[in-house]
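Just below is one structure, and these are the notes that go with it.
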2 protein chains.
Amino acid sequence: MGVDEDLLKIADLFYNQLSRGEIPAFELPLRTRDNIVYDEKARVWVYGEKEGVRSAKTVKGAYQILKTVCLIEFLKQQLEEGRSSTLRELYYISENWGEAKFRVQSESDFLIEDLEIISSNQREHFHIRPEEDGASVFGPLTVREETRKGDKVIHCQDDVGDAGYLIPNNIDKVEFLEHDAKLVLAVETGGMRDRLIENGFDEAFDCIIIHLKGQPARSTRRLLKRLNHELSLPVMVFTDCDPWSYRIFASVAYGSIKSAHLSRFMATPDARFIGIMPSDIVKYDLPTDKLTERDKDALKAELKDPRFAGDFWQKEIKLQLDLGKKSEQQSLAKYGLDFVTDTYLPEKLN
Amino acid sequence: MGVDEDLLKIADLFYNQLSRGEIPAFELPLRTRDNIVYDEKARVWVYGEKEGVRSAKTVKGAYQILKTVCLIEFLKQQLEEGRSSTLRELYYISENWGEAKFRVQSESDFLIEDLEIISSNQREHFHIRPEEDGASVFGPLTVREETRKGDKVIHCQDDVGDAGYLIPNNIDKVEFLEHDAKLVLAVETGGMRDRLIENGFDEAFDCIIIHLKGQPARSTRRLLKRLNHELSLPVMVFTDCDPWSYRIFASVAYGSIKSAHLSRFMATPDARFIGIMPSDIVKYDLPTDKLTERDKDALKAELKDPRFAGDFWQKEIKLQLDLGKKSEQQSLAKYGLDFVTDTYLPEKLN
């Protein structure tokens, strides 16, 4: 069934409720921290069974239903015309919806998430584009991208510059044709990504190198998920040694609370962490910086985060709090520019 | 003369001073706000004539000279081996320089800038890479990039996905072969960049679209400079309507105080501003946000900034302070997804 039909089903629901003389209403899961449960089978965190009701019984609720209907109409038209828009544009477009105009952008953002949940879609299916830049890809992989001007076939080593293939904001437009890779390496910083390319790590280890650019964009997480799922490639995440980097890993591997309804599409539970660990600071005697108070608080919060409940993380995070230190992936340069590719990564991959 | 010789000349200077029984020392311009002057001919802001002396007379100065020599040795070796490194790696590499080790990264960053100034080079010539991602390019332009694996010829519409051609961190590796463009449009946000591509603005206006990604990286500014200088293409900068966006324009057009010694290579004095102006907020009745106190302070600072001394900027900035409002480029979506390409940009370009 098409996305437009999924959306019209919601409008249908309201229509039928109204024709039966009922007050329009719909139910959806509570999006709160205490309604997040671990799905053993999918190995990701998803929303639990607690539900809330959006009903036109109150004035606020009635406005919400009106806005939902206007939004569905706009999305339907956008899909029909083959157009797309950003969350920000959507907010501004509502300027002309009279009473249904959004007052702040968080309101329209939230409503799009509601629609994702009710209709079991992802916003990309509604042609709502992200603002952020997607990842760059470099390695032995051939893709076919459905572009504005027809399909294009691109080899992510031979047909691109050294900066790699930049994925489009909607990763659904990319199909994997062929590959000659044994693993996917997702790298936090641009400096380290460029180091691996310069050192020829992609060729030496038959490796697809993805630049995460810090906390990865939705399209980047979906790309990693698909590389893992469709091509059965192991995904390794290579980051700095600090609490923010562990969060990057967690969002890749387990999904985020904010988008738990999408974990099944965006999280890669098989992803492995091969970033710098607190025990590596000791093992390799790496240059460090002191943990700030903010770092310490974040580490303590992670100790209680169910995504870090395993022995491995508990031990490492406690060690880091004891050491009082953090370290960057580029600190491996202490042992020269080749240490990361000749020693560190081969040791971690074994 | 090669970069390595430029560097060795500095070491030579110290050697000769020492053999004459003199204390090693060198002079270089003061890098302070009051030593920035406008170069009428180049139409950019550059360092003036005030100079400071780095001398081994003091212990601190002696360490500085030692570090300079170690750094020159490292850079010479890196150039010989055809390698490159980031500013961060450089800092960590100095771990093994004994007494010459940098204590904080700002120290090595600053010394690289010294070397840029003394040797009249850009750090990219020393093969010191930036951390930041470069711009993406989309439009009727064919480039030849000198990649790790030989030269590659890429057409920035036909040979790339919809996300465009991602420039490498060293733009010197890119040569412009052919083009069919009438102008270059540098766009602040990814959402707007994608809007222009979806609407086919590059084809309708024979336009090369560059995504600035906020405050543009060095390689992006050097790319714009070269497109303007080598291909004689007008460069238009399209941003939001707030003080931070005006700074983006100023760094593209006039250079920054921090790197005034590089303005001649990085600034594009011919660049024109076609971003949203305070007078456009009124003219087009655009959706706005209130100026924050930080916004107001930044605007007031810009009123005194010599780069904004012209009538145009003085009038617009004062109007914005009166209005108390700012606006985003995507707010044009109030009038539909085509307004920006059908009305706003054509009006501005005329």
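For all residues, glycine too, the Cβ spot is worked out from N, Cα and C.
In TrEMBL this protein carries:
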- B:65-128: domain 'Spo11/DNA topoisomerase VI subunit A N-terminal' (DOMAIN)
- B:Tyr92: active site, O-(5'-phospho-DNA)-tyrosine intermediate (ACT_SITE)
- B:131-180: domain 'Type II DNA topoisomerase VI subunit A all-beta' (DOMAIN)
- B:184-349: domain 'Topoisomerase 6 subunit A/Spo11 TOPRIM' (DOMAIN)
- B:Glu188, B:Asp240: Mg(2+) binding site (BINDING)
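Compared over the binding-site residues B:Glu188, B:Asp240, the count of CB atoms lying within 10 A of a residue's CB peaks at B:Glu188. Cα-Cα distance from B:Glu188 (Mg(2+) binding site) to B:Tyr92 (active site, O-(5'-phospho-DNA)-tyrosine intermediate): 33 Å (rounded to the nearest whole number). Separating the Cα atoms of B:Asp240 (Mg(2+) binding site) and B:Tyr92 (active site, O-(5'-phospho-DNA)-tyrosine intermediate) is a whole-number distance of 38 Å. Around B:Tyr92 (active site, O-(5'-phospho-DNA)-tyrosine intermediate), a 10 Å sphere centred on its CB holds 24 further CB atoms from the protein chains shown. Summed and averaged per residue, pLDDT over the domain 'Type II DNA topoisomerase VI subunit A all-beta' (B:131-180) gives 94.
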